[in-house]
Every structure is written in C-alpha cells, then in structure tokens.
Amino acid sequence: GMSIAVLGPTFPNLAANVHKNVSDIYYIFVGRSLGYLGGSVLGGVLVDCINAHLLLGVSMLGTTIGLFAIPWCKKSLLLTVLMSVIGGSMGILDTGGNILVLSTWGVEAGPHMQALHFSFAVGAFVAPILAKMALGGSVPKDVAGDEKTNQSVLKLVPTALTPLSLKPHLDVDFLWSYVVIGTYLLFISFFFFILYSRSSSARDKSKAASQKHVTAKYHYALIFLLFTFFFCYVGAEVTYGSYIFTYAKVFAEMKENEAAALNSVFWGAFAACRGVAICFAACLYPGTLIVLSIAGSVLSSACLVLFATHPLSLWAGTAVYGASMATIFPSGISWIEQYTVIQGKSASLFVVGAALGEMFIPAAVGYLQGRFHHVPVVMYAALGTSAMTLVLFPIMYKLARAPSHRDFREVGESEDRKALLSNAGLNDDEE
C-alpha cells in the first residue's frame with residue numbers, strides 16, 4: 001500500500017529529479033502496471049513451485065532495492081525500469097500473499113483475508129502523510145499546482161513548467177519517504193526469511209491440504225467469471241476514486257476544498273469498512289458480504305446517476321459506494337475457496353483481472369468523458385459495473401453449487417456401502 005501510494009505525492013519531485021516535465025514521464029505508470037501484470041502471472045507460477053514465505057521475502061527485498069534506488073535515479077528510462085521492477089515485485093507479493101492466506105487458513109480465511117487487504121488501505125493512507133512530512137511543506141506552489149492537476153485524467157497537465165524552471169526547486173528531502181518505506185519493507189522481509197528457515201516443509205503441507213479440497217464441476221468457468229467480476233469491480237473502484245475530484249468541481253460546481261473532502265470521504269469510507277469487515281468476516285459468510293456489498297454499490301450508484309449534481313446525493317452516495325466497494329475483492333477470494341481449490345495460477349488470474357480493469361476502465365471513462373462533456377460518464381460507469389457484478393454473482397453461485405461428478409461418485413459409493421452393510425446384517429440374522 002505504501003509503495004503504491006507514495007508515487008503520487010512525490011511525482012513532481014521525481015520529474016524534477018530526472019529533469020523532465022510532469023506530463024513527460026507519465027509512462028512510468030505504464031511501466032509499473034506492466035510490471036505488476038507480469039509479476040502477478042510469475043507469482044502464480046512460482047508460488048506453486050517454491051515456498052511461499054521465501055517468495056514473499058524475495059519480492060519484498062526486490063521492492064526495497066527499487067525504493068532505495070529511485071531517489072538517486074537521474075534518467076527517465078532507468079526510472080521506468082525501476083518502476084517496472086517494483087511493480088513486478090508487488091504483483092508477486094499480491095498473488096503470493098493471497099495464496100499464503102488461503103493455504104494457511106483454508107475455508108476459515110475470511111477475517112485474515114480482510115485483514116490482509118485492510119493493511120493495503122492503511123499503507124495507502126500512511127504514505128501521503130509520510131511524504132508530506134518528508135517534504136516538510138517545501139514543495140513550491142507551482143509544483144504543487146501541477147501535482148493537483150495530475151490527480152485527474154479529465155484535466156490536461158500543464159506543460160509550461162520546463163525542466164529548467166523545475167531544477168532550482170529540486171528538493172532532495174522527498175527521498176526520505178522512499179528510504180523510510182524501503183527500510184520498513186527490508187525489516188519485514190527478514191521475518192519471512194525466518195519463517196522460511198523454520199518451516200521448510202510448509203510447501204508440502206500446503207499441497208497436501210489443497211489436495212483435500214474438492215474441485216468444482218465448472219472450475220474453469222468459475223475462474224473466468226471471477227476474473228471478469230474483479231475486472232469490473234477494481235476498474236470501477238479506481239475510476240471513481242480517480243475522477244470524483246474533478247467530477248465534483250465540473251458537474252457539481254464544488255469548490256476545490258469541498259471536492260478534495262468528497263474524494264477523502266470515498267477513500268476514508270473504503271478503508272474504514274475494510275477494517276470493520278475483519279470483525280464481520282468472522283461471523284458472516286463471504287457470500288453474504290458480497291451480496292451486501294453488491295446491493296450497496298447498485299443502490300448508491302443508482303442514486304448518484306439519478307441525482308448526479310445534488311450535493312446531498314453526492315456526499316451520501318459517495319460514502320455508501322466507497323464502503324460497499326471495500327470488501328468485495330477479499331470476500332470474493334474467500335468465497336471461491338469454499339467451492340473449488342485455488343492454486344497459484346488461479347489466484348494470479350484474479351490479480352491480473354483486477355489490474356486490467358484498473359488500466360482499461362479508467363482510460364475508457366476518460367476517453368468517453370472527453371467526447372461527451374455534458375454526460376456524467378463516471379456515474380454511468382459506476383452503475384454499469386455494479387449492474388455487471390449483480391448479474392455475474394448469481395451465475396457464479398449457481399455454477400459453484402452444481403454437484404461435481406466426484407460428489408455423485410461418493411454418494412453412489414456410500415449407498416453401496418450402506419447396502420452391503422444392510423445385507424451383511426440380514427445374513428447375520430438368518431444365521
């Protein structure tokens with residue numbers, strides 16, 4: 001969470017560090033996203049081959065090296081490569097972490113999965129504060145203005161700020177945020193190496209535990225549908241969080257501080273609900289949490305479409321929508337584990353689906369919003385993706401509950417055993 005979120009507040013400083021405009025190094029986001037996709041796939045393959053603790057320790061070590069190197073990077077191409085390395089390490093960490101939780105707690109992984117994803121939200125919340133403390137308010141006003149503009153895809157980033165004008169304002173204080181986060185990750189990685197040294201047979205145990213689980217009759221169909229489900233969900237989450245600031249200013253005509261507060265309400269409700277969900281996951285089934293979340297997202301997005309510019313609707317709808325989106329991803333992984341075995345390759349597909357949704361849906365919304373200026377495309381996208389998840393989940397539930405051929409065989413064998421026992425009892429009575 002901290003590794004992802006620290007880039008936003010320090011983005012103007014990174015641009016100045018490589019002597020580029022803010023608008024000229026947008027490709028580092030592409031590099032990180034491509035690295036994340038590759039790391040997710042690679043992590044899904046590796047987690048089935050090597051110990052999960054070792055894999056997570058190495059991935060965190062790779063992220064640490066990238067974070068330590070970024071502040072000293074003076075070339076934009078090298079910065080993109082470092083971002084790709086960090087993205088790949090985080091993709092491996094994401095896939096491996098989900099698999100480790102499932103292999104450790106199995107069908108009881110609900111609260112632990114919620115806690116894992118809550119930690120992502122906490123990290124994303126802490127990183128901007130840490131960056132602001134490191135910068136110490138020394139960022140110049142013109143750079144700060146570029147940073148605010150860069151937060152929205154709906155606005156073009158001004159290019160008047162040249163590398164020469166950025167150079168005098170270059171402040172190396174921002175590197176401390178990367179150093180602190182990298183040091184923290186280095187410290188945590190040692191614990192994974194210690195766990196690996198003390199649990200050399202953990203991989204064999206996890207494989208043995210996974211073999212006890214039943215594979216669903218429509219296993220591959222479920223994997224594909226959940227891939228699509230996460231594509232829609234994560235894409236909608238990132239789209240709303242990215243565009244609501246500018247939407248509030250353009251369509252609702254809010255002041256900048258009000259729009260920023262509305263954006264904070266969305267992410268605050270999102271993080272708070274993930275924390276509360278740790279307790280709820282202990283007493284509610286994952287499927288119940290998913291149904292409640294989908295219902296909340298559909299109702300709130302419908303209100304946001306119907307009352308697109310009404311202030312009360314925006315505040316209440318944004319809070320409910322953020323809270324509704326919080327538990328879907330961890331609950332979805334816990335839910336599918338109840339019906340079919342989830343190994344590394346399957347978990348990597350879920351992460352890849354989420355990453356693709358994060359890339360394509362915001363881009364599509366930005367393109368459509370540029371073509372149709374007077375249409376609240378953001379709200380229609382929220383409603384459309386919520387409706388899509390509403391359609392997909394009943395289908396997945398139906399397929400997951402379908403009895404497998406193994407179930408029929410086990411039922412037949414049990415009936416044969418009962419018949420043999422009853423026949424044996426009759427023979428004993430006759431004797």
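From the backbone N, Cα and C atoms, a Cβ is placed for every residue, glycine too.
What TrEMBL says about this protein:
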- 25-47: transmembrane segment (TRANSMEM)
- 54-72: transmembrane segment (TRANSMEM)
- 78-103: transmembrane segment (TRANSMEM)
- 115-135: transmembrane segment (TRANSMEM)
- 175-197: transmembrane segment (TRANSMEM)
- 218-245: transmembrane segment (TRANSMEM)
- 265-284: transmembrane segment (TRANSMEM)
- 289-308: transmembrane segment (TRANSMEM)
- 314-335: transmembrane segment (TRANSMEM)
- 347-365: transmembrane segment (TRANSMEM)
- 377-397: transmembrane segment (TRANSMEM)
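Using the rule of three or more Cβ pairs under 8 Å, pairs at least 6 apart in sequence, the transmembrane segment (377-397) is not in contact with the transmembrane segment (78-103). Within the same chain, residues 236, 251-252, 277, 280-281, 314, 316-318, 320-321, 323-328, 331-332, 335, 376, 379-380, 382-383, 386-387, 389-390, 393 sit at least 6 positions outside the transmembrane segment (289-308) and bring their C-beta atoms closer than 8 Å to a C-beta of that stretch.
Only pairs six or more apart in sequence are counted, and the transmembrane segment (54-72) with the transmembrane segment (265-284) gives fewer than three Cβ pairs under 8 Å, not enough to call it a contact. Taking every listed stretch (25-47, 78-103, 175-197, 314-335, 347-365) in turn, the largest tally of C-beta pairs under 8 A with the transmembrane segment (265-284) is reached by 314-335.
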